[in-house]
Each structure stands twice: as C-alpha cells, then as structure tokens.
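> Here's a structure for you.
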Amino acid sequence: MAFSRGPVFLLLLLYLLWGSDTSLIRLNENGYEDIIIAIDPAVPEDTTIIEHIKGMVTKASTYLFEATEKRFFFKNVSILIPESWKDSPQYRRPKQESYKHADIKVAPPTVEGRDEPYTRQFTQCEEKAEYIHFTPDFVLGRKQDEYGDSGKVLVHEWAHLRWGVFDEYNEDQPFYSASSKKIEATRCSTGITGTNRVYACQGGSCAMRRCRTNSTTKLYEKDCQFFPDKVQSEKASIMFMQSIDSVTEFCKKENHNREAPTLHNKKCNYRSTWEVISTSEDFNSSTPMETSPSPPFFSLLRISERIMCLVLDVSGSMTSYDRLNRMNQAAKYFLSQIIENRSWVGMVHFSSQATIVHELIQINSDIERNQLLQTLPTSANGGTSICSGIKAAFQVFKNGEYQTDGTEILLLSDGEDSTAKDCIDEVKDSGSIVHFIALGPLADLAVTNMSILTGGNHKLATDEAQNNGLIDAFGALASENADITQKSLQLESKGAILNNSLWLNDTVVIDSTLGRDTFFLVTWSKQAPAIYLRDPKGTQTTNFTMDSASKMAYLSIPGTAQVGVWTYNLEAKENSEILTITVTSRAANSSVPPITVNAKVNTDTNTFPSPMIVYAEVLQGYTPIIGARVTATIESNSGKTEELVLLDNGAGADAFKDDGVYSRFFTAYSVNGRYSLKVRADGGRNSARRSLRHPSSRAAYIPGWVVDGEIQGNPPRPETTEATQPVLENFSRTASGGAFVVSNVPSGPLPDLYPPNQITDLQATLDGEEISLTWTAPGDDYDVGRVQQYIIRTSKNIIELRDNFNNSPRVDTTNLTPKEANSEETFAFKPENITEENATYIFIAIESVDKSSLSSGPSNIAQVALFTPQAEPDPDESPSSSGVSVATIVLSVLGALVLVCIIVGTTICILKNKRSSSAAITKF
C-alpha cells in the first residue's frame with residue numbers, strides 16, 4: 001500500500017535534494033553548526049592537538065566573518081576523538097557524528113614528510129567537496145613558515161569545501177604571458193607584488209639566481225618561483241595566498257585576474273571567487289550581521305564500542321523469492337565476520353508486531369556470535385509494521401541501560417508500510433542511526449528518508465540472488481569509526497545462474513596489504529555445489545564448513561593468507577542453480593594501510609532525465625591509486641544490471657585526471673524506484689601505481705618572502721617525480737556504493753534527451769603559424785558514443801567568447817571527423833586576420849553537437865599568446881626594450897663627471913702656464 005504524500009514527506013524530499021553530501025553541516029542564522037573534525041585512529045594520542053584545533057577554528061571564525069563581509073562564522077564544532085585515546089570526564093559519546101561525516105580530518109599525510117593542507121575535491125564548480133585534510137604537525141603549528149597561520153588556511157580550505165571554488169595559483173603553469181606583453185606570475189589579484197627567482201638548496205647550502213627564459217614556452221624556466229613581498233597592501237585573494245598578512249578578501253569581479261591560467265578560472269568559467277560564493281545557497285539564505293558573533297562552541301566526542309540492534313522483517317512476503325533464507329545467510333555473514341569485537345548487539349523480529357528475541361550482548365568471542373545466530377528467524381507471516389520494529393529496538397537499548405544517542409539500527413524490510421512515516425520525527429530526535437536495507441522492489445520509501453536523516457546507510461538488494469546484493473549490503477556495514485587496518489574488506493563478490501555440471505570459475509587476488517582473517521563464503525539455492533579452491537602455490541583446499549540448513553559453506557584461512565592469485569571453481573549440481581561467492585580479508589599489518597575502494601553517486605534522489613554521476617575512489621591510506629581498472633555495476637529494483645567502465649581521465653564526469661577518483665555519467669534508466677551501485681577495482685595490466693603528486697585544492701606552499709629587498713627562503717618542500725612511482729602488485733576489491741532513487745522515468749523507449757558532455761580539457765599551443773588543439777572526445781550521450789560534429793570558435797576577447805560564443809568567428813572544421821568518446825582528439829588550424837602589429841591573444845572554445853542536434857555548450861577556453869613576453873630586465877645585459885635603465889644613467893653621470901674633471905683640470909693647467917709666462921716678462 002502506498003503512503004500518503006503529506007507535508008512531512010515533502011519536507012523530507014526537499015532535504016534529500018541536497019544530494020549525497022555526507023556532511024551534517026547546517027547554516028543557522030549565519031553560523032555553521034554541526035561541523036565535525038575527526039582525529040584519525042592512526043594518529044598517536046596527543047591531547048594538545050585538541051587545544052590547537054580549538055585555537056585554529058576560533059581564529060578562522062573571525063577571519064571567515066570578515067572575509068565574507070560579516071555573513072558567516074563557525075557556531076559549533078564537534079571534535080571526534082579516537083577510541084584508542086584515554087577517556088576523560090569531558091568526553092561524551094557521539095550521536096550521529098562519525099568519521100564518515102567528518103568535514104575536517106586530522107590524519108597522517110598522503111606521503112610521508114609532506115604536511116600540505118588540502119581539500120578532497122572531485123566535483124565541479126559550485127559543488128561541495130568531500131573533506132579537508134590537515135596533518136597533526138600542521139595543526140600543532142609546526143608548518144606555519146610554509147603555509148602561514150592555520151586559521152587563515154582553514155578559511156582557504158573551507159571555500160573549497162563549502163562553496164566549490166578552486167585555487168588561484170597554478171604550480172603546473174606558474175607563469176603566463178600577460179596582455180601587457182610581460183611574463184607574470186599566475187595569481188589573483190595582480191596587485192600582489194613580488195620577485196621571480198630560482199632558489200635551490202643542496203648539501204645544506206642554498207643559492208639564488210635570476211630566472212632564465214625557456215626557449216620553447218617563452219616563459220620562465222621550470223624551477224623559477226614567485227616570492228611575494230612580505231609587506232603588501234593588496235587584500236585579495238584568499239584563494240591565491242592567504243598567508244600574506246594583508247590578504248583578507250576573496251577576488252571580486254573588479255580585481256579578478258581573468259588572464260591567469262588558474263584552476264578556478266578554468267573550472268568556474270572565469271568568474272571571480274566572490275562571484276561564485278555570492279551565488280551559493282548559503283549566501284542567498286543570509287544577510288550581513290550587525291554585531292560580531294560569539295566564539296565557536298566545542299563538543300568533545302570520544303568514539304566508543306558500537307551498540308547495534310538488528311531489526312529484521314518476518315512478514316509474510318519474506319517467504320517469497322527465498323528472501324527469508326537469503327536474509328539469514330547475509331545476517332550470519334555479518335554477525336560472524338563483519339561486526340567488530342567489543343560491539344553490543346541485540347535483535348528484534350517484526351511483522352504486524354515486534355518481538356525482542358535477544359537483548360544486548362557484548363561480542364568478545366565466537367560464543368556470543370553463535371548465541372545471536374541461534375535467534376535468526378525460521379518462519380515468516382503477517383503484515384509489516386516498521387515503526388513497531390524500530391520502537392522495539394529503542395527498548396532494547398533502554399533495557400541495556402543505554403541512551404539511544406549514537407546507537408545503530410540495522411533495519412531490513414521488503415514491504416510497504418503506510419504507517420512508517422509516523423515515527424520519522426521520533427527516529428530523528430532519538431539520536432540513533434538507521435541503516436536501511438531494502439529487499440525487493442516494494443520496500444517502503446519512507447524508511448529511506450529515515451536513513452538519510454539520521455546519517456545512516458541506504459542499501460538495495462533485489463530478488464536476483466545471483467547479483468549477491470544482500471550479502472554485499474550487510475558486508476558494507478562495518479563500523480565507520482574503526483581503524484581501516486581493522487576492517488574486513490571485500491575482495492570478491494560474484495554469482496551466476498547455472499545448470500547441472502556447469503561451472504563458476506574465476507580468480508581472486510590477495511595482495512601483500514591484506515591476508516589476515518581471510519574468509520571465503522559460498523551460497524546456493526538448491527543443492528551444495530562441488531567447491532575447489534587452490535592457493536597461489538596450486539595447493540587445493542577442501543575443508544569448507546558446510547551449513548546445509550542455511551545453504552552456505554565457508555572457510556577461514558588461518559594466520560595470514562598467501563599473497564598471490566587464488567583460483568576457485570564451483571560446480572552446480574542442479575539445473576537453474578544460483579551460486580555466489582564472497583571473499584573478505586583484513587590488513588596483514590596494522591602499520592601498513594590496505595588498498596581500499598569507496599563508491600558513491602552525486603545525489604541520493606534524482607528525476608529523469610537528469611544524469612547520475614558515479615564515483616569510485618581508490619586509495620591506500622590517503623594516497624590515490626591511479627591506473628587501476630574500475631567498473632561499476634548498477635542494478636535496478638527489477639534486477640536489471642548495467643555496467644560502466646569508470647575513468648580517471650579528467651574529462652566528462654571526471655573532474656581531475658589522475659587523482660584516484662574514477663567517474664562516469666549514468667543515464668540508462670529502465671524503471672522508477674531504487675537502484676543499487678557496486679564497484680569492482682583491480683590493478684589492471686600492471687598499470688596501477690601510487691600517485692605521489694601534490695593533491696589539488698590545497699593551500700599554496702610559501703617558498704619564501706621578500707623582506708627589505710632581500711629574499712628569505714623557506715626550506716624546499718619534499719618533491720617526487722613520476723618516475724619514482726612504483727607499479728603496484730595486482731589487487732582486487734569490491735564495494736557497495738549504496739542505493740539511489742529515480743522518479744519520472746517514462747515507460748517504453750526513451751527519447752534522446754542527452755547531449756554530449758562539455759569538453760573540459762581543451763588545450764592550445766602555438767606551433768609556427770598554426771594553433772594545435774587537443775581534447776578528450778565527448779560522446780553522443782554525455783560520454784558514450786560519438787558526436788556528430790565539432791564547432792570551434794575564436795575571439796580576441798575572452799569574455800566575448802564566453803558570453804557570445806555563437807556569434808564569434810568560426811574555424812573551418814570540414815576535415816575534422818569526431819572519434820569515439822574518451823579518445824584523444826587533435827586539430828590544427830591557422831588563425832586569420834592576425835598581423836604582427838595587433839598580435840596579442842587568441843581565445844578558443846569548442847562545442848560538440850550530436851545527431852539529434854543537442855549541443856554540449858562551449859568548452860573551457862584555451863588561449864594562445866601571439867607574442868613573446870618580456871622577462872624581467874637583467875642588469876648584466878642591455879635591455880631589449882626602449883627607455884634608459886638605471887645602470888645607463890649612472891654610467892652616463894659618472895662619465896660626465898670624469899669629462900668635467902678633465903676639462904677643469906686642463907683649464908687650470910693652461911691658466912697656470914699663462915700666469916708663469918706673464919710674471920717672467922714683467923720681472924724682466
């Protein structure tokens with residue numbers, strides 16, 4: 001039965017439209033509330049970190065208030081403290097705060113020795129980022145010389161996080177040819193003054209020299225750096241170098257530097273940072289304050305053991321599609337392998353009414369796990385009352401003498417319940433976190449709102465058992481606050497429908513970062529299959545434990561499993577047999593973080609025809625893994641699956657190339673309702689490696705300052721090159737990305753409503769008299785297929801091209817045949833009507849058009865300078881420009897003085913000689 005769509009539902013729907021942003025931040029009367037700063041479990045205990053966090057945020061709040069013209073400040077902040085740190089009377093238990101929802105993470109650096117503060121940002125302009133990453137040394141103030149005051153750095157990163165702006169410097173293009181025909185440092189605003197120099201240190205000594213010009217680029221050489229003057233008067237911009245004392249503002253339209261090749265210009269279409277911030281929802285829902293705000297309020301929350309209640313549906317519909325048995329298989333997997341030791345777990349069954357079948361018990365060994373396994377349901381009947389089950393879970397917590405704050409409810413249901421919306425407010429106010437697993441196509445949508453409102457997970461498992469969705473969903477519910485080295489990670493999840501004597505064969509890789517508690521799980525629907533498992537040395541393992549009643553077999557590898565390729569072969573013994581296999585393992589060494597994959601979509605709810613964006617992040621610790629092979633499987637609630645190859649190429653849906661985030665558009669909607677996401681990642685063909693590049697969206701490193709005309713350099717930061725990146729051993733991972741809901745999908749064939757994706761990586765270079773262009777090909781439908789044609793236009797004015805693309809001069813592209821999506825495109829043309837006298841810039845943009853005449857819109861704008869810019873004059877050489885240098889003037893003055901002295905001296909001598917001659921004659 002469908003529930004009525006009253007005011008409560010509409011309010012919740014509006015909340016959902018915020019997207020899949022995991023942050024719990026709210027803006028309330030100009031103040032940001034519910035900010036979470038989490039200290040990583042890998043950080044050794046040091047309570048001074050907490051005090052430094054408080055000081056940093058307090059200073060940042062004042063700075064933010066002034067920088068935003070008295071609009072925003074930090075109102076209250078929760079600091080999450082690791083469970084491994086000693087308890088204190090001032091620490092409280094978290095409610096819905098968790099590491100998953102952290103806005104700022106204090107964690108080890110991405111690469112040892114590099115403490116650069118950055119924001120994990122893999123979305124587009126104006127879109128919120130993931131989190132800010134500070135290292136302990138940075139928070140403790142040990143990197144102030146390199147990055148400046150930590151409070152000002154926090155405001156720089158907050159702008160990335162909250163408003164989706166980007167940096168206004170560019171270390172890949174630190175200099176550019178300005179319209180003044182001079183070489184300028186990439187910055188905003190141009191009012192920031194400084195000196196360009198090469199600063200090199202070796203063997204404890206450092207030397208400095210002038211920058212030379214590169215003969216190819218006509219710009220300064222690679223090692224040239226811009227050293228800002230310590231004393232400045234310019235106030236902008238925070239997104240360039242917030243460490244400058246005078247800088248207190250974001251660049252505005254009036255002082256924005258559109259010429260500079262900054263990432264912000266490229267991503268935000270040459271708008272200033274303040275223009276972007278001014279269009280944000282935060283800005284539009286606030287007005288400047290008349291008084292100064294109070295300092296931030298801090299809550300200290302220490303992670304503690306999990307308190308969870310399983311709330312399992314035993315209504316009559318659970319007898320369909322083998323749902324009851326499949327739920328029990330997945331629950332056994334969760335209770336035996338996923339839930340952590342020291343957790344408190346209880347269990348409730350519900351249909352028309354709810355029954356407490358097990359009070360809270362702390363898991364310390366297999367004894368407690370087995371006690372819980374004995375209480376799994378064996379029969380199902382009756383209706384569905386979800387609120388009854390949730391209220392029974394609250395009673396379980398109360399019976400265990402726990403408040404509901406921070407407790408977790410794992411709710412599984414397959415049915416609709418018109419009364420489910422009645423307890424939404426109670427659930428939200430409880431402080432409990434609801435994780436919802438929707439089983440089948442009819443599970444109630446109101447409960448989806450519960451999970452999102454409480455910060456829980458939302459999963460979908462269809463009735464297509466071969467897709468293994470139910471086991472994947474339970475397996476994804478490990479603690480969000482546990483150390484990653486203690487979590488059970490999924491290496492394999494696969495299934496198939498097979499006839500008698502047919503096989504499910506494949507391999508799974510156990511890499512050196514894993515191997516502890518390795519677990520193989522096989523399930524079937526009719527009769528136990530023949531199971532063959534061989535380790536990397538070829539030794540066969542046959543000692544699986546058979547659980548015929550639950551139709552599952554499992555094997556735990558003692559100690560640390562062998563590194564390498566494990567081979568499995570499963571032989572079906574019945575026709576139309578459904579077999580699945582799941583493999584999990586934990587980190588082999590607590591000091592070496594394992595490779596992980598995390599998956600998500602850009603929004604929890606969507607309306608046709610808006611596309612979804614699928615993301616998969618592959619990391620080792622905080623270090624991105626690039627060059628991996630990543631695929632996503634999207635399953636509708638009817639069981640239909642679509643597979644996408646995710647890309648890290650910086651084109652289409654992917655915002656940044658080689659950042660360890662693999663992305664793709666998804667538009668292949670088939671039905672209304674829920675869809676689930678599952679991602680698989682492996683090492684590819686010996687191509688995966690750790691990225692040692694500096695992360696994007698970070699505070700600028702200060703190479704030094706110009707003080708009283710002298711450069712005072714900082715120690716050069718640690719650098720690495722592409723050549724030093726090691727190729728990784730092969731690995732395999734799978735991960736559940738949760739569920740999303742799509743509405744308004746029409747029945748029947750879908751019309752062509754999807755244009756090509758916008759080109760975002762257009763680059764232009766001047767090659768003799770020709771301009772060469774490169775870009776990544778879009779597709780007929782976003783990043784799939786092939787476009788019909790490209791339209792290339794140019795202009796001498798960047799804003800004219802941006803705002804009036806269709807009326808700008810068009811380049812002849814008769815001989816340009818589009819390639820398949822995600823291919824590299826190249827094209828060269830000779831610009832017309834350009835003379836040496838008026839040569840400045842040419843700006844170029846591309847629009848792609850598909851067979852239905854749908855266009856992508858103009859690309860990012862590339863530019864080419866048609867002149868050789870002037871470098872800073874060298875005092876050792878004659879200047880090439882007109883005018884007289886200071887040295888020339890000085891030499892001229894000295895020469896004139898010498899000449900005057902010679903003339904005066906000669907005159908005196910002549911006069912003396914005349915006097916001598918006259919005296920002799922008179923005397924005579």
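A Cβ is built for glycine as well, from the same backbone N, Cα and C atoms used for every other residue.
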> Quick one: which of Asn284, Asn815 has N-linked glycosylation site in Swiss-Prot?
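Swiss-Prot annotates N-linked glycosylation site at Asn284; the rest carry no such entry.
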> Where does Swiss-Prot put N-linked glycosylation site, among Asn449, Asn806?
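Record says Asn449.
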> Can you tell me how far the Cα of Asn76 (N-linked glycosylation site) sits from the Cα of Asp167 (Zn(2+) binding site), in Å?
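Answer for this pair: 27 Å between alpha carbons.
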> Report, in whole Å, the straight Cα-to-Cα distance of His160 (Zn(2+) binding site) from Asn499 (N-linked glycosylation site).
54
> Relative to the Cα of Asp167 (Zn(2+) binding site), which of the glycosylation sites Asn284, Asn543, Asn589 has the closest Cα?
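Result for Asp167 (Zn(2+) binding site): the nearest of the glycosylation sites is Asn284.
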> Around the Zn(2+) site formed by His156, His160, Asp167, which additional residues qualify by having Cβ within 8 Å of the site's Cβ center?
Thr119, Glu157, Ala159, Val165, Phe166, Ile238, Met239, Ser697, Arg698, Ala699
> CA-CA, which of the recorded positions His156, Asn505, Asn543, Asn589, Asn730 lies nearest Asn449 (N-linked glycosylation site)?
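Ranked by Cα distance from Asn449 (N-linked glycosylation site), first place goes to His156.
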> Express the predicted model's confidence over the region 'Metalloprotease domain' (46-200) as a mean pLDDT, rounded to an integer.
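Overall, the region 'Metalloprotease domain' (46-200) comes to a mean pLDDT of 96.
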> Could you tell me the C-alpha distance between Asn505 (N-linked glycosylation site) and His156 (Zn(2+) binding site) in angstrom, no decimals?
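Rounded to the nearest whole number, the Cα-Cα distance is 52 Å.
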> How big is the Cα-to-Cα gap, in Å, between His156 (Zn(2+) binding site) and Asn214 (N-linked glycosylation site)?
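The separation of the Cα atoms works out to 32 Å.
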